[in-house]
Every structure is written in structure tokens, then in C-alpha cells.
Amino acid sequence: MNLKPVLILLGLALATIFALVCVLLTRERSPRTCQHLPPQQEDTEDGQSLVFADLTAEEMSQVVRYLQGHLGVPLVEASRAKPSENCIAWLDVQVPAKAEVLRFLDSGGARPPREALAVLYFGKQPEPNITELVVGPLPRPAYHRDVTEHKYGGKVPYHRRPTLAVEYKQIGGFLKSQVFPSAPAFMQQVMEYDGANLATVTAAPRGFQSGDRVTWFVLFQNVSGFFLHPVGLEVLVDHSSLDISEWAVSRVFYNGQYYRDMVQLESAYVQGRISVEKVRKAPRDGDFSSMKPRAPAAAPFPLQFEPQGPRYRVRNNQVLFQGWSFAFGMSVSRGLRLFDIRHKGERVAYEISVQEALSVYGSNCPAGMSTRYMDGSFGLGRYTSPLVPGVDCPYLATFVDTLSLSDSLRPKKTKASLCIFEQNLGSPLRRHYSNLQSLYYGGLVNSALVLRSIATVGNYDYVWDFIFYQNGALEGKVQATGYPSSSFLHGDGLRYGNRLWEHTLGTIHTHFVNYKVDLDVAGVKNSLMAHDMVFEVAQAPWSPEQQIERPRLTKRVLDTEDQAAFLLHSKMPRYIYFAANSKNKWGHQRGYRIQITSSAGDHIPEASSMERAISWARYQLAVTRRKEEEPTSTSIYNQNDPWTPTVAFADFINNETITNEDLVAWITAGFLHIPHSEDIPNTVTVGNSVGFLLRPYNYYDLDPSIYSQDGVFFTSEQDFTACEINPLACFPKTASCLPNFPPFTFDGFRNM
């Protein structure tokens, strides 16, 4: 018998067995893929949250078709409308009255009719105006009603209209075709103008009195990060006429000098009567303003993953997490907002929403010194940015698309413009290590849910967060980043900021953000309470000849709106809270405390002719009676006519009684920004974060986070390496898995 074939077969068989054993052993040692488990929190979504939902694309389209067919006037697409034509500026959902919504949510009442709010510019009328129409019922509109006079006490004058993208485009065309050609030598030899190498940035407001629509435009080199490349030229354009052919230049500014127009500037240049400061041409990537990394990629930064999948649920516009539930949405003008916020099934707040972001600039250049940006007018929701996984939000966050209709007749989808994620903050929410008497450790990781959007309005990026903690606290926070605004450095410019580059002055400015917080603490009716401390001097009872200085609790009820309006830098009670009519187990009124985090600069003087338009910024906190006719602290129309504001928040405060009433807290936070060299190329979020906390204050009988399933406790007598004793000891089994990181995607450059 020939043994050779048998031996060969036997060898192959052994090799195969060995290989299989190696594979099996390797597989046992290899991490498994993470298996997602459904969240343990009960899914209570029943469609009620949809009463607050943003408009769908189909609803927007239906509203546009209805308006086109039922107003009896031609509507031009806003992206190509002349000022003298009619157009739909934007659409938003019309949130029903609170009383209607609460009857529906809490008492089994009928679902309120679903309606849209349409803002229309009527330029082609004997008396051009802005009109707001409520259109309904959705999804098949059959009626509309004009709510302009009801909301604002009269027609809204046309000059107050927020500037559409097409108007900026028309002004750009006016500069390019009529203004710049009137100074050919200056533009070619000093600016090296080729028709495309200059970018413009608008100032606002636009003039000095009601009716003005006269805007300074600053010229920059059209390169990456152009906000840092001023060339010294600014042009004041009068575009108040509805006839574009009547637009004109009112003033020109160059390198510290003012001229009647470009013709006078050209004459001065040709005659050598001008001080020329020629700016070195920047490369297309902007050189110092480029955000391209200056270092090669290295080891990946730490990433976060959920071993058993997300512990929160997102259903339509509702989020559920660890006892929290809330509805979310995106206002075109005001941005991120929440409704029906509940903890442990009980409503804590009816509405929490961003109201406005304000920046007031200083400079020795005309545009910079006159700029007071009210970003709601430009659109905090409209300019919500698509988010980059891994930087803007954790890579494995849940990303949500948003829809808007502005400057167009068609809805626009912004992909991945909201993100929701649970974040391990890397620190304990609470803990204690006992080394006295008994030996034990008890603690709870600070893991919170974050809802985030980022609005990019011109040069600035605002990171808006709402954060939900396991102890029942809720935080509203904004972080500012993006490019600092700049002026051309000349003369006494350093009185208004720091030099950032050869010709770049980083201009001093303030940031103020305003929030509406409609707390409903254990019911709609609340009162405002203030607790604080004073030191009192007392004799020591056991040694009367000695004295003790001890802190004592002070208590006060704030009865009126005037008492509850705290000016920006005034002393405010350190514990100020909405108090319910019910009490906790220990006899204290149940409450939610407002705690503000702010390092605001100074507010514009009240003597200013435009201060009333931003009078909400007078106050770090103001609490007023809630009124349907006072839905927002400002108006999108205030930016272009702050001298006769459409909404003046100061009028909300009229000393009404606020005891046992439905109350709203208007919270202002901010910071002063003096740009410095480390703001090049970009301002960082570190240190530029402000906001507020809502914290339970005797609302519960004890800290509700003690019921969290994330809690850890073990004693010296227990086997704390055992999984059944210590959940942290389970990690080798429960968390040793490979997360599934999907391929990177980003749709932010599509359909621009």
C-alpha cells in the first residue's frame, strides 16, 4: 500500500483542524459587535407632541399654492423679487394658544386646528407693507386671516422688512455695475478689482431714523475667511427706493477719510490727495485666515459609543430620556425651541425657546461703529447649519433634518441640522467615598441628554444646546465660535480692539442672548420667590460673653413685575425660583430655581434712540405674566427700524401682580468679546459659553437621580469585583464590543 497519499491527506486534515481551532480561539477573544437593545423607558408617544411640530414639506407647498390662488395679487418668488413686487418672505408653524393646547394635552379636548404663519412682503400696492397671515387648516388650507394689526397694533411699514437675499444680490449688482466703474483708476490700481475679488458684508441697522434704508457695506478680499481681510473701503448705499434705478451712494469711506461718492474718491486719488494703504493680496485660501489644519493627522481623538445602543427615543418631534420627555422644533427666525417639557411625567415647562442674539460693535470705521446685529431678523433657524459628525456632535449621535421655506416658494431641507445624544460628561453627578465609621463608595456618573443645533449667521457660529440631567435639572447654553468681525486698522483704531494682522482690527463687541422660559411648576399658576442670605450677629448660647456671626436665610415674595425685573448688572437674589401652590413632603413649596451663567458687557445706554428695540437686554432676568399677545421679547422688524420698534420688551413690564399667575421668565446672558490674536483664525468656544440652569428646589422629596439605574454603591465588605454587586465590574462583558461607525457623510455643500 502506498502511504504517501494517505500521509498527505492526514497532514491536510490536521492543518485544517489546527486552522479551525485557531479561528475559533481568535473569534472567542475578538470583541463582538455591539448589540442595540431597546431603551427601558416606556415609549409613550401617542402623537400629541405633533401639536407643536414644524411644518412638513407638503404643508409648506400647500400653503404656497393656497396663497398663490386666494390673495388676488401676483406673488413673485422671493429669490428674484424686486422691492416693488409681492412675495412670500417665509413660512412657519402657527403654534396654537396655550389654553387650547393644554385642553388637548391634559383634559381630552379637541386637537387644535393646525395652521401656518405666512409673512408676505406687499411691495406692489398703493401703500406697500408687511402682512402676516395665518393659513389653515392644514394639510388642506381653506381659510386665511390677517393677524398683523392684532399682533402689532397696525400695519407694519414696508421699510421695516428684513432684507432678503435677493436684495443683497441686487445691491451687489448695483455696486459692480454702477458704483465701482465710477472710480476706475482707484479700483484697478489700489483694490486690484477684477469683478470677483472683493466680498461685501452688511452693517445694520440701516440709518438713523424710521424710514431709512441706508446701509454701510464693508469691502473685504474675497478669500477663505474673508471677514479678516478688510481692504479699507466702505460704501454707504441708499436703497430705500422701491425702484432699483433710484438707488444711490450716500457716502464713501477709505482709510480714515470720507468722500461724497466714488467719483470724489477717484478724483482725490488721481490728484494724489489720498493716503493709500495698499493691502497685500491674499492667496485664495486666505493664508492666516485659513482653517486648514497646520499639523498632519495623528492618532484618533477619543470617541464615545453606547454599548447597547441609545438609551433615548426620538419619535417624530418628541424625545424620551431617563424620565424626561419634550417636543422640539425650529423657528425660522428664533431657532431652537422646546415645548411640553416633563420630568417623571409631570410638566415642568410649557415652552423654552431662544428669542434673540444681539451683537453691538465698536470701531473707528463707519460700518463697525454703527453695527447692532439682531440675528433673529436674519434668521437663527433659517441659517441653521448642517452638522459634521465627530466634531459638531458625537459621531454616533442621532441626526435630524429640518425644513424651512424662506426666500423661495419651495421648501428647503437642511440635512442633519439637529443632533441628539447622550453624553458622559466624565465626572460624577454626585459621589461620596466614606473612610470614617463605615467604609463604602456611592456615586452616579453625570450622563446627560443633549439637543443641539448650530446657527451660522454671517461670521459667527452659535452652538445652541439644551441639556437634560438625571437630577431633574435642565440647562440652556450657547457657545460662540466662528470668525471675529473686523475693521480696517487705521488712526486710533486700537481704542476699539486689538490688532490681529497687518491691516486687521478685531473690533470690540458685546454678545447678548435672550430666552423665553415659560415654567409651569406643578401647575400653570406659580409665584416668584427669592431666597438669599445675610450674616447675623448672635451671642453663643453656651458662652454668652462671646458672639458668633452666622448666615441666616432670607425669604421674600416678589409680588409685581417691577419687583421681578432685575437690571443687567444689579444685585439679584441668588436663589430665585418659581413656586407652586403645592408642597413637598417636608412642607416646602415645590419650586424650580433659575440660575444664570453670564459675563455680559454693558447694555447700550437707555438714552439711545434705538435702545427700546433691544430693551430686553436691560435685564438679566424679568418675570412677567404670560400673555398670548406677548409671545416674543422682540420682533424681526426691529432690526431695520429700531427707532420705532414693532415690539418693545420694556412695555411688557407694567407692575402687574405676578402672585399665583401663569408666569414667564425672560432670561438674558452674554459676554464681552475683545478679539485677540488667539481668535485667529477662529474664535474658540472655551470661555465663550453662557446660559442658564433650571434646577429643582424642594420640588421633590429627595434627589430623583437616586432612582437612576446608573447608580454605583459598594462597601468594603462586599466583593466589588462581582457584576451583581457593582455594575462597573460588568463592563468587560457588557461593554467589550465593537461599535458600528457608519461611513462619514456630509450634505452641507449640496443645493447651495
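Glycine is treated like the rest: Cβ placed from N, Cα and C.
Taken from TrEMBL as is:
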ACT_SITE  Asp375  active site, proton acceptor
ACT_SITE  Tyr460  active site, schiff-base intermediate with substrate
DOMAIN    75-143  domain 'Copper amine oxidase N2-terminal'
DOMAIN    161-256  domain 'Copper amine oxidase N3-terminal'
DOMAIN    304-706  domain 'Copper amine oxidase catalytic'
MOD_RES   Tyr460  2',4',5'-topaquinone
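A distance of 10 Å separates the Cα atom of Tyr460 (active site, schiff-base intermediate with substrate) from that of the residue listed as 'active site, proton acceptor'. Sequence-distant neighbours of Asp375 (active site, proton acceptor) (same chain, 6+ apart, CB under 8 A from its CB) are Glu356, Ala357, Leu358, Ser359, Ala455, Val457, Tyr460, Tyr462. DSSP labels the residues of the domain 'Copper amine oxidase N2-terminal' (75-143) in these numbers: 13 helix, 26 strand, 30 coil. There are 23 other CB atoms within 10 A of the CB of Tyr460 (active site, schiff-base intermediate with substrate), with all protein chains counted.
DSSP labels the residues of the domain 'Copper amine oxidase N3-terminal' (161-256) in these numbers: 30 helix, 29 strand, 37 coil. Here the domain 'Copper amine oxidase catalytic' (304-706) has a mean pLDDT of 97 out of 100.
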